[in-house]
Amino acid sequence: MAFPSALCIFSFLALVQAQSESQQPKIQLRLAGNKRKHYEGRLEVFYNNEWGTICDDDFSILAAHVACRELGFLGAVAWSPSAKFGQGEGRIWLDNVHCTGREKSLAECPSNGIGVSDCRHSEDVGVICNQKRIPGHRFINTMNNNVETLEERVEDIRIRPISSHLKRIPITEGYVEIKERGKWRQICDEEWTPLNNRVVCGMYGFPGEKNYNNKVYKSLSMRKKKNYWGFSVNCTGNEAHLSSCRLGKPLEPKRNGTCGRGLPVVVSCVPGRAFAPSSSTGFRKAYRPEQPLVRLRGGSRIGEGRVEVLKNGVWGTVCDDNWNLRAATIVCRELGFGSAKEALTGAKLGQGMGPVHMNEVECSGFEKSLTDCYFNNDALGCSHEEDAAVRCNIPAMGFQKRIRLSGGRNPHEGRVEVLTEKNGSLVWGTICSENWGMVEAMVVCRQLGLGFASYAFQETWYWAGEASADNVVMSGVRCSGTEMSLPQCLHHGKHISCPKGGGRFAAGVTCSDTAPDLVLNAQLVEQTTYLEDRPMYALQCALEENCLSSTAKKNDHSSYRRLLRFSSQIHNVGLTDFRPKLGYHAWTWHECHRHYHSMEVFTHYDLLSLNGTRVAEGHKASFCLEDTQCDEGIQKRYVCANFGEQGITVGCWDTYRHDIDCQWIDITDVKPGDYIFQVVINPNYDVAESDYSNNVMKCKCRYDGYRIWTYQCHTGGSRSSDTDEYPGMSNQLHFR
C-alpha cells in the first residue's frame, strides 16, 4: 500500500512544481546605463511590454551570478548598489530579491513580487559580469519586444579573411562570422548597414571602415556552401561590441542556402596610422600619436592611458563625471584605435598635473574629436583623483607571438628570447645585453602585454632559459621608448656584434602592471630661485661630492663660488611607490656629509644656452629619499632617519630645500645673458616610471651678472610649444 502513496506524493510535487513554473513571470534582462564595459551596467527587466529596474535591497552576489548567467556570461564578478550606472526610468519590477545562485532565471528567485517595491531609482542595482561567455549558450526569446540584443545569443565573433589575405597583418578585411552553439555562421547582408561595419571595425581596433571589391566576394560566395545565421543585426554605430547591438528580424534561409538577394556580410576596415603597413618601410617604426588636441598618458599597454586635452597651449586632464564608453570611444577613434573597451574613472591610470580642462563630457558618438563633444568648462570640485582614462581596442598585430620570457619564477620575468628568421627558418634566440636598459625593457613588456618594466637585467645566469635558444640573434638594441615591438628599435640587423656573448649575459626583464611617476613642482622652483656667494671653506664636502664646477678645484679656501639655489618638490603621481634601484647593501657611504646615497645620481641640474649647449651643471644624489609630506589620508612610509627605508609613496612628495648642500648650480664662470634652466629627475632611467617625459622641468632664465630671474617654468610635455620655446631641445632625456 505504500507504493501508491509515494506515487501520489511524487505526482503532487511534480504538479506543484509545474504550477509554480507556470506562475513565474516571463522576463528578459539587459545591461544598460552609463556602462564603461560592454559586460557591465544597470540591470534592467523587460516585463509586460515595459523595461524597468531592480532595487538593490537584499541583492547579493548570488543574484548577480544568476543574472549574468541568464545573460550568457560565465558568472558575475561584482554587483553595485545605489545606481552606480545611473538611474533608470519607469517601473522598479523587482525588490528584495533572494537567490541561492542555482536558479536559471531571476524570475525563479523569491522577491516581493513583480512590480511590488518601495524603492526609488537611486537604489537601482547594477552588475559586472565575467566577460567570458558560456560556451554553446543559446537564449530562447519568449518575449515579443523587438529589442533583444546579440548579447544573449552569440558566443564569439570574428573577421575571417579570404585565402589571399591570410598573411596580412593586421587582418582588416573579410567575412563577419558569428559563433553559435559551437559553429561559425555567416550573416546575410540584406539588413546590414554601414553602422554595423563601424561597430565591427571598432571592436577589432580600427577607427573606420571603407568600401571593398565586391566582385571577389560575390564570385567566392557562388562557389562555396553558406551556413547563415538566422537573424539580421541592427546597430546604432555607438556600440562598443557587436554583441551589444539589437537583433533585427529573423531571416528565413532559402532552400538553396542563399538569403534572398543578399550575400555574406563582408567588412573592410581602415587601420590607424600606427598600424598601417607601408610597402617601403614595413610598419611605422614607432607609435607616436600625432593628433594635436588629445593624447594618452600613463598607460602600461598600447591604446590605454589617462586622457589629456590641449587648451590654450597647455595640456590638462578630463574629470570623470559622466565619463562613459561613448566618450571614451571618441578618444580611441581620434587617436587611431578602435572603439573603447573600457572607460576608466578615479585616476585608475595615474593622476595628471596642471589644469582640469573638461568636465561632464557628453558625446553623441559620431564626433571627430573629444573637443567637439559637449562639456562643462567649469571643473570646480574636480581634482586629479578623478582623472578619466581609457582602454581602447587595438588590432591583432601578432607581436606577442615573436617574443617570450624564459626561465623566470613567474610569467612576468625571465630571459628575453625572440623569434627571428635564420637560413630560411624561424629560430628562437637571445638578445645581447650590452647597453641594455630600462627603456628597452619597457618595449619588451609592452610587446608582451605585461605592462611596464620594473627591472632590466644585463646578466641572466640565474634564469635557465631554453637551451636551444642560447645563441644571440639580436644585438645593439637601442629604443626610444615609443616602439610597439623590439624589432622596431634600432639594432644591428643580421650583423650580430656581442663581445660578451649570450648565455649568462643575455638580456632579461621583470614586468609589472603598475609603475611610479615622478613630477617636479615647477612653480616652487620658479618661486624659490636666488643667488648666493659662498666661500670655498664652507664647500669642501660639496667639492668632494662633485657638486661644483671643475674650476673650483683650483680655488683657495678664501675665494667664493656663485651658486644658483632653489627648492625642489618631487611628487609621485604614479600607481606604485618609487624605490631606489639598489638595496641597503649597495648604498654608498659618504663620510664628509655622513650619510648614505641610495642613488648616486637622482637629479641633474643644468644651465643651458638658448641653442641647448650646457654652460653649467650640477647633480643631486638621493642621500635622503623620503616622504616629506603626503596628500590627505595617505600615511608616510619612508623616513631616512636611523638608516630607514628610502622611497616616495604614491600621493606623497620629497622636498629638497634650497639651503641644503648640492641643491644648486655653480654659475661662477657663467657670463651674463639669457639661458634655459633645466632639472631632470631620474636622468639615467635607473628606476622604472610610467612616463619619463614629465621628468624634465625647464625655465627661461636671465642673468645680469648680479641678479637672476627665472620665469615660465613648466614640466616637460605640459605645453604644446616646448620645442618652439626651446630651440634644439625636446622632452626626451638624453643622458643614457
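Glycine residues also receive a Cβ, built from the backbone N, Cα and C atoms like all the rest.
What TrEMBL annotates here:
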type: DISULFID; residues: Cys55-Cys119; note: disulfide bond
type: DISULFID; residues: Cys68-Cys129; note: disulfide bond
type: DISULFID; residues: Cys99-Cys109; note: disulfide bond
type: DISULFID; residues: Cys235-Cys245; note: disulfide bond
type: DISULFID; residues: Cys363-Cys373; note: disulfide bond
type: DISULFID; residues: Cys479-Cys489; note: disulfide bond
type: DOMAIN; residues: 29-130; note: domain 'SRCR'
type: DOMAIN; residues: 159-270; note: domain 'SRCR'
type: DOMAIN; residues: 294-393; note: domain 'SRCR'
type: DOMAIN; residues: 403-512; note: domain 'SRCR'
type: REGION; residues: 716-736; note: region 'Disordered'
type: SIGNAL; residues: 1-18; note: signal peptide
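In the structure shown, the C-beta of Cys129 has more C-beta neighbours within 10 angstroms than that of any other entry among the disulfide-bonded residues Cys129, Cys235, Cys245.
Count of Cβ pairs under 8 Å against the domain 'SRCR' (294-393): among 29-130, 159-270, 403-512, the largest is for 159-270.
The two recorded residues, Cys55 (disulfide bond) and Cys363 (disulfide bond), show a Cα separation of 29 Å. Mean pLDDT for the domain 'SRCR' (403-512) in this predicted model: 90. When the Cα atoms are compared, Cys479 (disulfide bond) and Cys373 (disulfide bond) turn out to be 37 Å apart. Counting in whole angstrom, Cys363 (disulfide bond) lies 38 from Cys99 (disulfide bond) by their C-alpha atoms. When the Cα atoms are compared, Cys373 (disulfide bond) and Cys109 (disulfide bond) turn out to be 43 Å apart. The disulfide-bonded residues in question are Cys68, Cys99, Cys109, Cys119, Cys489, and the one with the fewest Cβ neighbours inside 10 Å is Cys119. For the pair formed by Cys245 (disulfide bond) and Cys99 (disulfide bond), distance between Cα atoms is given as 29 Å, rounded to the nearest Å.
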